[in-house]
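Down below is the structure, laid out as structure tokens.
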């Protein structure tokens, strides 16, 4: 087609490429060999307006899940010995619901007279949230705290389907905020860990039993570098498939997030932003109200071949609790922030100053590197390195962690198996410390198994046609004792097709400088 723009010169602040200086529309002396392209960072700039993106302001320094509390509506008394439920809450309670509120961390919401029906499956906060339960806080403590709080909002009224508190109806306090809320108490909220954030082994065991009783999960996220993000895949008729992005929005995405034990959705992604899936596309035009416990409870259309392609696979980014794991790990010595020797903080949980140390490189591989890159917030792992003598730029020399063995899904290296305080590393020198090279995007290869089954056949192939296969050890060991070049070998032959689900090109790990010429190829 035509080349519309040439000699484009932008200052950087323009809203559109057409606003930049150029030679004029259609005025060009270029050929298509000079077509320009761009690679955009996957995260949107602050202030970008999109109906499927909610900007969340997080100012919590490093909260634990217990930092947020949930209380019933209370009418203030001088120093009340016990909580008294306000009339508005009594009315709602008879209907089977509790009276509760959700608050952003940077202000205080007046709680008096606000009755909100809680949503099944999760509660929202600006820091991300997980399923909620009711817990009363000491009214004496609440009353004392109320004397020094600055209130910003009051009369918050949510329907319960909103994906963020800012989407509810509310009013701002004008003037002196410290003198506000004279007839009310602070609104507070409590969140409990979802399945991925449960700390106690007993709690995890109980959740595993519940999952076994409920059977195999029917929804999962794939292709995301971080916890709570990825392409949505659903199980139908014993086959995993994807969702078409027609009418995909934050309400439907929030149902997915809560079903998986996260908070509400902060971004509903379209256009296969988390990579294209394979297999069937099970759902189209999903339209959730926001109150559903499962995506399967939402209205949707069945797909036809013409409706959708995998280039339209829907994905999601969920709000997750801020756990502070990235403060317990760092990289040193690398050429960029995406690579370096791994250093971890030990003893950070007992209130003392954390001590930084190295990780033993023995047994360190790609799975462990995946967890380290995830904990650092740097995406995927390109390499897990067992020797890092070339990154010797830090004064940290003590080995503090050994025997690290990860499954690949953990959020922190401390969640992986390791030797604990009893260090067991044959080579404790700094050159044998573990290192990683991370990448924001990665390839993700998947063999098309049905094609292998459809094309497999047996062939008797003469030995004189198998010299190359023998040189590259593609034949079984008994071929060495065959009467070369006479006779034959019985081979299983098949065609293969490998799909790249990821968001980066697949390249061999060995660079071109190490490739060798071979007569067989």
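Residue numbering: from 1, along the chain as shown.
Keep in mind that glycine also has a Cβ here, set from the backbone N, Cα and C atoms.
If you look up TrEMBL, you'll see 1-41, 68-192, 219-319, 329-439 marked as domain 'SRCR'. The feature disulfide bond is assigned by TrEMBL to 10-20, 158-168, 244-308, 257-318, 288-298, 406-416.
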Residue 244 (disulfide bond) versus disulfide-bonded residues 20, 158, 257, 298, 416 - nearest by Cα: 298
Site of maximum Cβ density within 10 Å, from disulfide-bonded residues 10, 416: 416
Between residue 406 (disulfide bond) and residue 318 (disulfide bond), the C-alpha gap once rounded to whole angstrom: 24
Integer Cα-Cα distance in angstrom, residue 257 (disulfide bond) to residue 298 (disulfide bond): 14
Spatial neighbour of residue 10 (disulfide bond) that is closest, considering only the disulfide-bonded residues 158, 298, 318 and their CA atoms: 318
Inter-residue C-alpha distance, residue 318 (disulfide bond) and residue 298 (disulfide bond) (nearest angstrom): 18
Stretch-averaged pLDDT - the domain 'SRCR' (68-192): 52
Whole-number Å value for how far residue 308 (disulfide bond) lies from residue 288 (disulfide bond) (Cα to Cα): 19
